[in-house]
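*Asks:* Okay, here's the structure, questions in a sec.
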Amino acid sequence: MVSNYNEKHIKVLKGLEPVRKRPGMYIGSTDTRGLHHLVWELFDNAVDEALNGSANKIEVVHKKDGSIIVTDNGRGIPVGKNLATNLSTVDTVYTVLHAGGKFDDQAYKVSGGLHGVGASVVNALSRKLIVTVHRDGGMYESIYQDGGKIIQPLKKVGNSTKHGTIVQFWPDPTIFKNIQFNPYMIKERLHESSFLFKGLKIVFVDENNPELSQTFIAKDGILEYLKYVNENKKSISKIIPFKGDYEKIVVDGCFQYTDNESELIISFANSVKTSEGGSHENGFKQAMLETINDYSKKYKLINNKDKGFDWSDLKEGLSVVLSVQVPEKIIAYEGQTKNKLFTQEVKVAVAKILTQQLFYFLEENQADAKQLIERFKLIKEAKEAAKKAKENTKKLKSAKSERVLYGKLTPAQQKNPLQNEIFLVEGDSAGGTAKSGRDKRFQAILPLRGKVVNVEKSRLQDLLKNEEILSIISCLGCGIGNNFNIKNLKYHKIIIMTDADTDGAHIQVLLLTFFYRYMKELIEQGKVYIALAPLYKISAKNSNKSAFAWDDYQLDELRTKYGSYEVQRYKGLGEMNSEQLWTTTMDPSKRQLIQVSIQNAAQAERKVSILMGDDASIRKNWINENVDFSIEE
């Protein structure tokens with residue numbers, strides 16, 4: 001600690017230095033998620049041109065050299081001099097924080113750009129960035145390097161009959177842990193965005209793998225999106241759309257019920273996904289609940305004296321897509337990265353539009369309305385019965401849970417959830433080795449002896465009869481479903497450790513499906529990991545040297561290094577002794593973990609429904625084709 005705190009300790013960061021000093025404040029993180037956030041920022045800027053009716057085509061290219069190019073056929077960034085900075089407007093937008101057209105509602109009525117810092121933040125975190133503008137009969141270009149330093153100020157490089165903006169950037173390897181873009185992630189995001197704009201042509205080109213290249217045009221907008229999300233589920237209601245505007249806020253939404261037990265709400269504000277929800281989702285829930293209760297009482301489908309339904313009665317099997325367009329002057333988010341919408345006027349707008357249109361739908365489709373309300377009543381009754389049964393058998397269940405855990409869980413010695421981690425280990429054999437090899441201070445071991453149930457094909461009451469699932473719920477301590485509370489979680493890391501084979505991959509998929517359906521926040525908060533065990537041990541014949549390889553590439557390197565050698569292929573965790581398991585898979589300073597995340601809710605929903613549905617052959621084929629049981633570089 002510095003004792004003589006004085007004037008010299010006050011730093012004034014100039015230009016784009018604040019972004020490079022604290023990138024997490026602007027893009028959330030410097031991992032894979034943060035890296036791709038740069039693409040989303042430039043893409044969102046292009047989408048803003050479409051939002052305002054100035055562009056009908058956007059192209060994103062993943063180049064062989066690792067760079068990304070985003071092109072739109074919008075108006076093109078103005079090329080004249082900016083009076084406030086004495087730089088060209090293009091150079092101002094890309095080198096000055098909080099500069100851009102989004103602050104003037106005459107230029108953009110609505111936008112999704114990151115509070116006027118998106119373009120400059122991408123530049124700040126790139127080793128090189130080139131902007132090309134087609135506007136007013138000319139072609140103009142600016143070049144920046146090493147975090148936004150102007151190498152070539154904007155200059156005219158030719159004539160042009162086109163209009164629009166082209167941005168190419170190379171991420172800075174001194175900022176990001178990994179600068180390899182995931183083309184599948186980019187493609188999924190572009191596909192998702194295409195549903196928000198009827199007729200907008202979005203093109204993805206991958207020069208490294210041309211087969212991934214695809215053009216997206218959605219003719220039916222978000223109705224098409226909801227059909228896409230629910231394609232592999234059994235629907236039990238029509239798709240119910242609602243659309244309108246109130247106080248210059250435009251609302252476009254639709255919802256449907258399926259036979260799935262979980263709730264899915266996918267929401268957007270000015271075309272940007274709001275993964276943490278916010279005021280628009282709150283307005284939807286409020287209006288949905290009030291309208292269903294009012295209609296039910298009006299037509300005596302429930303007793304007027306009854307307090308009615310609550311949200312937990314309505315959310316089972318509900319899929320929603322909700323998009324709002326909010327005037328730039330009133331839009332507000334919680335934080336820079338726009339994951340949660342804050343604007344309270346949006347809640348009012350969504351509620352008013354949905355209330356009016358949903359009530360009209362229910363009155364015009366009374367058979368459908370009655371079917372839905374009967375469903376809500378059954379869910380409510382089942383929930384109340386389950387609550388009574390839970391109270392009556394609380395002691396018995398507690399005793400049973402303790403018996404299930406007894407002899408299974410090997411707890412950590414310390415009790416600090418922020419430091420403790422739990423390994424969910426496939427089989428008794430590996431579980432025993434893990435117990436011997438672990439660090440007893442902070443590592444707990446839970447062997448999974450029996451079969452983990454497929455939660456996608458089981459209802460909650462059946463799920464709770466499975467001893468493996470009960471063990472996991474009891475160990476984690478945070479509850480499931482409506483009773484989930486992450487504050488009660490006993491471990492900051494939940495690590496799935498299975499054999500590197502098809503059976504091991506199947507167990508991983510089953511466990512991840514369980515977490516996704518009933519403890520999704522664990523994944524959203526980055527608490528779930530997959531341990532990567534080595535595939536090979538290579539030993540030199542002429543010495544005591546040995547090493548481990550996680551894939552064939554590493555094995556080939558070691559073969560070249562060792563000359564004369566023996567190779568052991570690990571078929572299961574149990575083939576390693578406790579010291580080897582600790583060194584390769586459990587030691588925090590050496591192990592390799594994959595953090596499980598949900599980048600795209602719609603894709604996750606579709607894949608879970610497909611993989612864990614009734615057709616086991618689909619699941620088996622997917623595992624065989626997509627899981628290579630080695631670390632992703």
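Keep in mind that glycine also has a Cβ here, set from the backbone N, Cα and C atoms.
Since this is a predicted model, take the numbers as computed values, not measurements.
According to Swiss-Prot, the protein has these features:
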{"type": "BINDING", "residues": "Tyr5, Asn45, Asp72, Gly113, Leu114, His115, Gly116, Val117, Gly118, Ala119, Lys338", "note": "ATP binding site"}
{"type": "BINDING", "residues": "Glu426, Asp499", "note": "Mg(2+) 1 binding site"}
{"type": "BINDING", "residues": "Asp499, Asp501", "note": "Mg(2+) 2 binding site"}
{"type": "DOMAIN", "residues": "420-534", "note": "domain 'Toprim'"}
{"type": "SITE", "residues": "Lys451", "note": "site 'Interaction with DNA'"}
{"type": "SITE", "residues": "Asn454", "note": "site 'Interaction with DNA'"}
{"type": "SITE", "residues": "His506", "note": "site 'Interaction with DNA'"}
{"type": "SITE", "residues": "Arg619", "note": "site 'Interaction with DNA'"}
*Asks:* DSSP-wise, what's the residue breakdown of the domain 'Toprim' (420-534) into helix, strand and coil?
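*Replies:* Taking each residue of the domain 'Toprim' (420-534) in turn, the totals are 55 helix, 21 strand, 39 coil.
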*Asks:* In sequence order, what residues of the same chain, 6+ apart, have a Cβ less than 8 Å from the Cβ of Glu426 (Mg(2+) 1 binding site)?
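*Replies:* Set apart from Glu426 (Mg(2+) 1 binding site) by at least 6 residues yet with Cβ under 8 Å, we have Pro447, Leu448, Met497, Thr498, Asp499, Asp503, Gly504, Ile507, Leu573.
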*Asks:* Given the binding-site residues Asp72, Gly118, Lys338, state which is nearest to His506 (site 'Interaction with DNA') when distance is taken between Cα atoms.
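*Replies:* Given the candidates Asp72, Gly118, Lys338, the nearest one is Lys338.
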*Asks:* Looking at the binding-site residues listed here (Asp72, Gly118, Lys338, Asp501), whose Cα lies nearest to that of Asn454 (site 'Interaction with DNA')?
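*Replies:* If we rank Asp72, Gly118, Lys338, Asp501 by Cα distance to Asn454 (site 'Interaction with DNA'), first place goes to Asp501.
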*Asks:* Which residue, out of the binding-site residues Asp72, Asp499, shows the minimum number of other Cβ atoms inside 10 Å of its Cβ in this structure?
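*Replies:* Taking Asp72, Asp499 as the binding-site residues, the minimal 10 Å Cβ count falls on Asp499.
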*Asks:* Under a three-state reading of DSSP, tell me whether Lys338 (ATP binding site) is helix, strand or coil.
*Replies:* coil
*Asks:* Of the binding-site residues Asp72, Gly118, Lys338, which sits closest to Asp501 (Mg(2+) 2 binding site) by Cα distance?
*Replies:* Lys338
*Asks:* For the recorded positions listed here (Gly118, His506), which one has the lowest count of neighbouring CB atoms within 10 Å of its own CB?
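*Replies:* If we count Cβ atoms within 10 Å for the recorded positions Gly118, His506, the smallest count is at His506.
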*Asks:* Test of understanding: give the count of other CB atoms lying within 10 angstroms of the CB of Asp501 (Mg(2+) 2 binding site).
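*Replies:* Excluding its own Cβ, Asp501 (Mg(2+) 2 binding site) sees 15 Cβ atoms within 10 Å.
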*Asks:* Reduced to three states, what secondary structure does DSSP give Asp72 (ATP binding site)?
*Replies:* strand
*Asks:* Comparing the recorded positions Lys338, Asn454, which residue's C-beta has the most other C-beta atoms within 10 angstroms in this structure?
*Replies:* Lys338
